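Enquirer: Below is the structure I would like to discuss, written out as structure tokens.
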Amino acid sequence: MSLEIVILAAGQGTRMRSALPKVLHPIAGDSMLGHVIHSARQLDPQRIHVVIGHGADVVRERLAADDLNFVLQDKQLGTGHATAQAVPFITADTVLILYGDVPLIEVETLQRLLKHVVPGQMGLLTVELDDPTGYGRIVRDADGKVAAIVEHKDASEAQRAITEGNTGILAVPANRLADWMSRLSNNNAQGEYYLTDVIEMAVSDGLTVATEQPHDPMEVQGANDRKQLSELERHYQLRAGRRLMAQGVTLRDPARFDVRGEVTVGRDVLIDINVILEGKVVIEDDVVIGPNCVIKDSTLRKGVVIKANSHIEGAVLGEGSDAGPFARLRPGTVLEARAHVGNFVELKNARMGEGAKAGHLTYLGDAEIGARTNIGAGTITCNYDGANKWKTVLGEDVFIGSNNSLVAPVDISAGATTAAGSTITQNVENSQLAVGRARQKNIDGWKRPEKIKKN
């Protein structure tokens, strides 16, 4: 069975009160539409058609990819009309129809739905709701078979009492879809072409409409305003937290934890409150992350400890290394095994060798730091001359005194020491002591300035 997927993403989203197209509003670091596309790709379709309308250029620019065919719906005349715009491009046997503002749909749910597309049958995803207000109702015949879907505004009182709602997600034979689209009518309360009308057509044509339901009704919840968007965000995060806990992670409070990307975790990981994981993050066994930390596009090897209020981006932390509290590791940073970065230390494009230490109040940029080297408090690598970046190289077992300025390019060789308060502008050879400061001068009889008295 070949598969193509149509994602309806043309709506304006007026209740969002935003210049941003509704489907581009974010959930967990990606747009709602981005989440739907991600799920669609896992079904291995031969093509994905995205029907766009309001903000079409912005949507196309944000999400352009080789496997996406963007189809323009000039006028928003309903879900049926939107689907019809994609029909001329479909060549597969089966079509799955999804929605760009329903981001939590699970791949496993869609796989179950697709199994119903066999000769003489199509699949419809429905949901049981305590309050189905606003949903189309699933009308069944005396034998319990689906007969039709009636939109809420067109439903009678008896039909509104039905609690089985339509999600709008369909899996249909492609050769039937074009015919059904040509037979749609806008003779309804909204004056729109409803995709749901194909259900009655399918029944009339002798097809069986087989139904599936999601395990969690939130899978099919859309977002029409920012309140609903926030509800989807929180549900996504709780679901992500449950998955991580099932893999061996302890979350101090799953309600105060966010995943905004793809996270791979080991066992016996401890994550404290208010931690945000962004992009692609790899966390190995026995890692501890303190409260109020942001980890983005980084790898934390076995036994790493990140202390409170640290920001880690584009970094690799080796086994048993630690950072923080209040550490900032910027892109290109590598801490080798058991390296230590303390409070108010910032690294950018810097490598710290095994067991190297920078305890506090330090900036290390464009630097190579050897094993067991110790960086004193207040040390700054002066790596930028206003036009170009230059590198600082420290060998193994170097001792940098407090309050040093290391003016790059400069090379301080193994075993060398620099005196506190030095400005180092020249290379230092093995085991040398470098003193780069003016000699202290004590002046006798010096008188402190006095305040000028005002009249």
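Cβ coordinates are placed from backbone N, Cα and C, and glycine is handled just like the others.
Model, not experiment: these values are computed from the prediction.
Positions annotated as UDP-N-acetyl-alpha-D-glucosamine binding site by Swiss-Prot, on the basis of sequence analysis: 8-11, Lys22, Gln73, 78-79, 99-101, Gly136, Glu151, Asn166, Asn224, Arg330, Lys348, Tyr363, Asn374. What Swiss-Prot records for Asp101, Asn224 is Mg(2+) binding site. Marked as acetyl-CoA binding site by Swiss-Prot: Ala377, Asn383, Tyr384, Ser402, Ala420, Arg437. The feature region 'Pyrophosphorylase' is assigned by Swiss-Prot to 1-226. The feature region 'Linker' is assigned by Swiss-Prot to 227-247, with sequence analysis given as support. Residues or ranges marked as region 'N-acetyltransferase' in Swiss-Prot: 248-455.
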Enquirer: Relative to the Cα of Ser402 (acetyl-CoA binding site), which of the binding-site residues Gly11, Asp101, Arg330, Asn374 has the closest Cα?
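Expert: The answer is Asn374.
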Enquirer: Please tell me which one of the binding-site residues listed here (Asp101, Asn224, Ala377, Asn383, Ala420) sits closest to Arg330 (UDP-N-acetyl-alpha-D-glucosamine binding site), measuring Cα to Cα?
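Expert: Answer for the nearest of the binding-site residues: Asn383.
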Enquirer: Sorry to bug you, but what's the C-alpha spacing from Asn374 (UDP-N-acetyl-alpha-D-glucosamine binding site) to Asn383 (acetyl-CoA binding site), rounded to the closest Å?
Expert: 19
Enquirer: Over the region 'Linker' (227-247), what is the model's average pLDDT?
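Expert: PLDDT averaged over the stretch: 97.
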Enquirer: Give the sequence-ordered list of residues that share a chain with Asn224 (Mg(2+) binding site), lie 6 or more positions from it, and have CB atoms under 8 Å from its CB.
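Expert: Gly13, Arg15, Met16, Lys22, Asp101 - these are the non-local Cβ neighbours of Asn224 (Mg(2+) binding site), listed in sequence order.
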Enquirer: With a 10 Å radius around each C-beta, find which of these binding-site residues (Gly100, Asn383) has the fewest other C-beta atoms nearby.
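Expert: It is Asn383 that, of the binding-site residues Gly100, Asn383, has the fewest other Cβ atoms within 10 Å.
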Enquirer: What Cα-Cα separation, expressed in whole Å, is found between Ala420 (acetyl-CoA binding site) and Gly11 (UDP-N-acetyl-alpha-D-glucosamine binding site)?
Expert: 64
Enquirer: Looking at the binding-site residues Ala377, Tyr384, Arg437, which has the shortest Cα distance to Gly11 (UDP-N-acetyl-alpha-D-glucosamine binding site)?
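Expert: Smallest Cα separation from Gly11 (UDP-N-acetyl-alpha-D-glucosamine binding site) among Ala377, Tyr384, Arg437: Tyr384.
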Enquirer: Reported in the order helix, strand, coil, what are the DSSP residue counts of the region 'Linker' (227-247)?
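Expert: So the region 'Linker' (227-247) is made up of 20 helix, 0 strand, 1 coil.
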Enquirer: Give me the Cα-Cα distance between Glu151 (UDP-N-acetyl-alpha-D-glucosamine binding site) and Tyr384 (acetyl-CoA binding site), rounded to a whole Å.
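Expert: It is 65 Å, counting Cα to Cα.
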Enquirer: Which one is it: of the binding-site residues Leu8, Ala377, Ala420, which Cβ has the fewest other Cβ atoms within 10 Å in this structure?
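Expert: Among the binding-site residues Leu8, Ala377, Ala420, the sparsest Cβ neighbourhood within 10 Å belongs to Ala420.
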Enquirer: Which one is it: of the binding-site residues Ala377, Tyr384, Arg437, whose Cα lies the shortest distance from the Cα of Gly78 (UDP-N-acetyl-alpha-D-glucosamine binding site)?
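Expert: So, of the listed binding-site residues, the one sitting closest to Gly78 (UDP-N-acetyl-alpha-D-glucosamine binding site) is Tyr384.
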Enquirer: Of all the binding-site residues here, Asp101, Glu151, which one's CB has the most other CB atoms within 10 A?
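Expert: It comes out as Asp101.
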